[in-house]
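Peer 1: TrEMBL lists 46-63 with the feature transmembrane segment. The region 'Disordered' annotation in TrEMBL covers 88-168. Here TrEMBL flags 121-143, 153-162 as compositional bias 'Basic and acidic residues'. Residues or ranges marked as active site, proton donor in TrEMBL: GLU261, GLU501. Annotated active site per TrEMBL: ASP394, GLU529, in sequence order. As annotated by TrEMBL, disulfide bond applies to CYS458-CYS487.
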Amino acid sequence: MHPPSRQDYISINFAGQGSGSYNNSKQWRRQSCWRKWKQLSRLQRSLILILLFICGIASYPAVTEQLRGLTDGDPETESNSIFPHVLPEAVKQDQPPLPEPTSQRKLSNRRGPPVLQNRLQKKENASNTVVEDKASDHKKEGEEGVISWRGPEGPKDGENKEGSPANQKVQLSIQSVANCREAVQEAFRHAWKGYKDFAWGHDELRPLSKSYSEWFGLGLTLIDSLDTMWILGLKEEFEEAKTWVAAELTFNKNVDVNLFESTIRILGGLLSTYHLTGDTLFLDKAKDIGSRLMPAFNTPSKIPYSDVNIGKGTAHPPRWTSDSTVAEVTSIQLEFRELSRLTQEPQYQAAVAEVMKQVHKLDGKLDGLVPMFINTNNGQFTHQGIYTLGARADSYYEYLLKQWIQGGKKENELLEDYLQAIEGVKNNLLQKSSPNGLTFVGELSHGQLSPKMDHLVCFLPGTLALGAHNGLPADHMDLAKQLMETCYQMYIQMETGLSPEIVHFNMHQGSTRDIEVKLADRHNLLRPETVESLFYLYRFTKDQKYREWGWKILQNFNKYTKVSSGGYTSINNVRDPDYPSPRDKMESFFLGETLKYLYLLFSDDLNLISLDQ
């Protein structure tokens with residue numbers, strides 16, 4: 001639901017050695033060292049060799065003694081020598097025991113023998129990954145702020161040699177489900193501690209550098225987290241945040257904000273908090289920001305601009321185009337419609353309804369599938385011929401269904417567009433991978449199918465299940481279950497047990513693994529789509545495996561993204577469990593959505609965010 005609105009990584013191409021640019025390849029280093037060696041005189045080389053021989057003889061007893069100590073030593077000591085980055089804080093003794101993995105699913109047909117698999121992975125990581133100098137980036141052992149490679153809730157070392165850290169089946173009892181809820185609360189408190197200590201009142205936490213970054217300068221993480229704190233029962237943290245909203249939050253600022261992002265994170269966060277608490281403080285703030293976003297709709301076509309200056313009351317498209325993305329202009333409707341309902345002021349709903357009315361009748365669709373861009377001047381689709389359920393189009397489909405439900409299932413155009421789009425997915429984008437037949441949603445570019453699937457597409461299992469629950473065809477639920485399995489496999493087939501941003505599925509016969517990941521796509525941003533779908537699937541089916549899958553995902557967030565001094569960080573490389581390369585950024589949606597849906601997944605109270613009301 002969150003198409004990236006700005007570049008989140010930098011691609012660096014190193015020039016050849018002849019250019020004089022930095023080149024850190026092994027071949028270049030070998031050539032450089034050999035050239036220096038050849039430049040030495042024969043006498044100098046002989047002296048160096050004699051000196052190395054003497055040092056080797058002198059150190060031999062110490063080395064053999066050290067090796068003997070390693071083989072005879074304590075396993076815990078060995079583990080800590082291999083994984084130095086451990087949470088410095090002690091685990092609380094009064095914390096209830098968390099569920100332990102009980103059995104391991106076989107992946108031999110998918111990943112090869114463990115020894116061979118590990119060798120291949122080491123080779124792949126060495127050859128495919130451009131890594132910064134780790135010595136300069138690693139913190140010293142025990143220093144606060146280091147990444148916590150093994151959180152207290154994570155799997156124990158040595159349990160996950162085959163496949164990935166997440167590839168285990170977990171049995172959750174009633175007691176252990178309660179422990180899971182407590183683990184989510186603890187994860188939130190830890191994330192909130194980092195935000196409170198180092199980024200209070202600012203948009204986003206940078207947990208490794210113990211600082212913050214600004215996007216809009218509106219306390220984005222704090223507002224996005226309000227309803228999560230209430231749902232998780234964290235009343236003390238909620239009251240702190242509420243005090244800040246009442247005393248500090250003002251939208252009277254000369255700042256450009258993105259219409260879509262500020263709608264779903266700020267307007268949506270304030271509206272949902274008002275619903276949960278009944279406190280008019282949040283409704284008043286919602287009305288303030290909602291009215292300040294309205295200039296975005298002042299375009300020749302009534303298709304809104306992407307950016308609004310909420311202080312000046314002006315709006316504009318991005319500097320490089322007059323287009324908006326289809327997902328952004330069609331994924332603000334739920335919030336604006338609700339703002340009209342609560343305030344009895346129709347202008348908000350009227351503006352977003354006009355957008356849906358125009359998109360409904362536009363040419364350029366393929367069996368209900370929409371292109372990614374729409375022009376704000378003429379209101380027509382642009383860059384036609386490319387169809388995806390990933391970034392820039394994804395939440396158009398989600399919001400079709402949810403608007404229909406929100407409006408009491410009376411707006412037939414929305415339902416028609418949704419049903420037609422799902423048939424379009426089945427007819428044009430749905431494929432199966434090799435060798436294990438995972439159902440996935442690809443992308444179509446001018447008639448050619450690409451087996452590329454964004455993590456963002458993992459909103460679809462939950463949306464399909466929600467539709468089936470509301471009386472749509474039963475085969476939507478069947479497809480939801482198949483895609484849910486695929487989204488989980490995108491996690492457990494990675495060495496960290498965390499999904500990359502984008503995967504490519506193998507379709508040719510003879511493939512040894514279903515999923516491949518390109519170097520530029522290996523980052524994980526702590527996104528919520530998969531755990532949101534797990535929540536829906538569990539609520540509607542009561543199948544315990546969806547809770548087990550969510551628990552494993554939470555464990556791996558704790559193991560590979562938790563920062564000891566507070567907060568969680570997105571990572572650059574889900575394929576490297578030894579150094580997943582932290583990005584030093586905690587997106588607001590990790591608190592606003594990811595942890596919220598994990599808690600709801602483990603909640604037995606069906607009235608806690610009822611899906612029927």
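The backbone N, Cα and C atoms fix where each Cβ goes, and this holds for glycine too.
Bear in mind that TrEMBL entries carry predicted annotations, made automatically and left uncurated.
Any idea what these are sitting next to in the structure?
Peer 2: The number of other Cβ atoms within 10 Å of the Cβ belonging to ASP394 (active site), over all protein chains shown, comes to 26.
A 10 Å cutoff on Cβ-Cβ distances gives CYS458 (disulfide bond) a total of 29 other Cβ atoms nearby, all chains included.
Of all the Cβ atoms in the protein chains shown, 27 others lie within 10 Å of the Cβ of GLU529 (active site).
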Peer 1: Could you check which of the active-site residues (GLU261, GLU501, GLU529) sits closest to ASP394 (active site), going Cα to Cα?
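Peer 2: So, of the listed active-site residues, the one sitting closest to ASP394 (active site) is GLU529.
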Peer 1: Closest to CYS458 (disulfide bond): which of the active-site residues GLU261, GLU501, GLU529, going by Cα position?
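Peer 2: That would be GLU529, the closest of GLU261, GLU501, GLU529 to CYS458 (disulfide bond).
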Peer 1: For GLU501 (active site, proton donor), list the number of other Cβ atoms lying within 10 Å of its Cβ atom.
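Peer 2: There are 23 of them.
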Peer 1: What number of additional C-beta atoms lies within 10 angstroms of the C-beta atom of CYS487 (disulfide bond)?
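Peer 2: Summing over all protein chains shown, CYS487 (disulfide bond) has 26 other Cβ atoms within 10 Å.
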Peer 1: Applying a 10 Å Cβ distance cut-off over all chains shown, what neighbour count does GLU261 (active site, proton donor) have?
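Peer 2: For GLU261 (active site, proton donor), the count of other Cβ atoms within 10 Å is 21.
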